[in-house]
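I have placed the structure first, in the form of structure tokens, so that the comments after it can refer back to it.
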Amino acid sequence: MMEVGILPVHVLYVFFIGAIILFMLLRKDTTFISLFGIFIISLWASHSLSASVSSLFHSFIYAAGELLPTIFIICFIVSMSDLLTKTGINEAMISPFASLVRGPVTAYWLIGGLMFAISLFFWPSPGVALIGAVLLPAAARAGLTPLAAAMAMNLFGHGFALSGDFVIQAAPKLTADAAGIPVGDVVSASIPLVLIMGVTTTTAAFIMIQRERKKQEHPTSFSPVLSGEQDNSLYLPKRLRSILAFLIPLAFLADIACMLLFNLQGNDATALIGGSAICILFTVHFFVYKHKGLEKITGYFIDGFKFGFKVFGPVIPIAAFFYLGDSGYESILGTSLPKGSHGIVNDLGIALSHMMPMSKELAATALTAAGAITGLDGSGFSGISLAGSIAKLFSSALHADPAILTALGQISAIWVGGGTLVPWALIPAAAICKVDPFELARKNFIPVAIGLLVTTLAAVMML
């Protein structure tokens with residue numbers, strides 16, 4: 001039985017969700033409409049202009065506070081990865097695999113597998129440069145086409161690994177917060193869906209590549225583009241590089257073992273990975289700079305913070321709007337929820353279940369579509385909170401597990417916008433393989449569409 005009716009504040013919230021979706025479809029920046037929505041809803045709820053103006057600042061403080069652990073871990077991972085690249089340790093980690101590239105088939109799966117592993121721990125951006133420098137020349141000699149190499153890097157890194165984000169947990173944090181559920185629930189629910197999506201898509205892409213390769217009498221050869229002259233001035237001695245290249249992955253594997261052993265999830269897991277990254281950064285840093293180490297470390301942190309806030313700058317305003325629909329209402333607006341309300345999104349979900357027949361099929365399709373729409377800006381992250389919010393709405397109406405729908409929306413958003421279908425998100429992989437990003441997006445479309453269809457059907461069966 002409904003405890004609270006649909007009030008003007010609910011109508012305003014739905015209106016601005018629609019406006020945000022429209023802005024995304026038109027590929028417009030969502031920051032203005034998100035903040036304008038917070039202002040108008042606050043003005044209606046508080047009847048105070050000064051409180052409404054203050055709510056804009058409070059919304060940033062609230063959203064940043066919720067996201068700060070995630071932002072920081074991205075900063076520290078990027079700082080560490082930058083130093084590992086400059087010292088040659090990253091190259092030492094994967095150079096042994098170059099000798100395993102025997103033909104185009106092994107090249108595709110080896111590039112994909114390594115890109116997946118690197119992206120889980122360091123995110124895809126460092127992986128593109130690293131594999132471009134070490135593995136792509138070997139793949140080219142083995143007969144892998146430029147487009148196939150770009151597809152492997154893209155689908156395994158920016159799609160398969162990033163859509164689950166099991167180690168860093170930036171994506172699950174955003175969607176879980178918007179859905180009002182623990183991060184661990186989203187991670188657990190996403191594991192089978194991420195595997196289904198990843199295996200289906202990469203296999204479909206491989207089949208397409210093999211068919212096209214058989215049609216080509218003379219496969220295209222290529223030399224990967226590297227970003228300028230390689231600077232070896234900070235390279236550590238070969239023996240030390242090899243030792244650290246062995247110990248650093250071991251440290252992160254130990255972190256994963258601790259997560260499983262002590263059931264660490266959410267911020268606890270984030271803290272363990274982030275702390276390990278800081279320790280590795282300090283250790284390698286003192287090997288490189290020795291007595292000058294204290295003078296150099298700040299620069300790496302600054303570069304990491306620049307990257308982290310560049311990625312999450314567009315995320316904070318839209319996340320603030322969706323926090324308003326759940327746990328952040330009172331903190332942001334400084335006023336209580338309407339009597340009997342369980343949060344704007346919960347109320348809307350209950351109302352939706354009374355207004356129209358709801359089905360698992362409709363809910364899963366809606367979440368896949370919502371996720372895809374949020375990815376149209378090419379980041380995969382800026383609108384991902386929308387998927388979590390809609391998942392909560394539909395799960396309330398269905399009385400179903402919100403984690404499954406949340407995971408489905410997350411997967412759809414990141415596969416589309418994180419860098420497999422939106423051309424401007426494909427530029428790094430396309431550039432290093434010397435292919436057109438629009439052609440890469442076109443080749444990715446069929447495998448990703450097949451994957452999303454199969455994953456949506458799987459989610460329906462899991463609900």
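Backbone N, Cα and C atoms are what each Cβ position is placed from, and that goes for glycine too.
According to Swiss-Prot, the protein has these features:
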TRANSMEM  6-26  transmembrane segment
TRANSMEM  31-51  transmembrane segment
TRANSMEM  60-80  transmembrane segment
TRANSMEM  101-123  transmembrane segment
TRANSMEM  130-152  transmembrane segment
TRANSMEM  189-209  transmembrane segment
TRANSMEM  242-262  transmembrane segment
TRANSMEM  269-289  transmembrane segment
TRANSMEM  304-324  transmembrane segment
TRANSMEM  413-433  transmembrane segment
TRANSMEM  443-463  transmembrane segment
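Contact between the transmembrane segment (443-463) and the transmembrane segment (189-209) is supported by 3 or more Cβ pairs under 8 Å, counting only residues 6 or more apart in sequence. The transmembrane segment (130-152) shares more Cβ pairs under 8 Å with 413-433 than with any other stretch in the list 6-26, 242-262, 269-289, 304-324, 413-433. Remote same-chain partners of the transmembrane segment (60-80), defined as residues 6 or more beyond its termini with a Cβ less than 8 Å from a stretch Cβ, comprise 121-123, 125-126, 168-170, 173-174, 177, 267, 270-271, 273-274, 277-278, 280-281, 284, 300-301, 303-305, 307-309, 311-312, 315-317, 319-320, 323, 328, 331-332.
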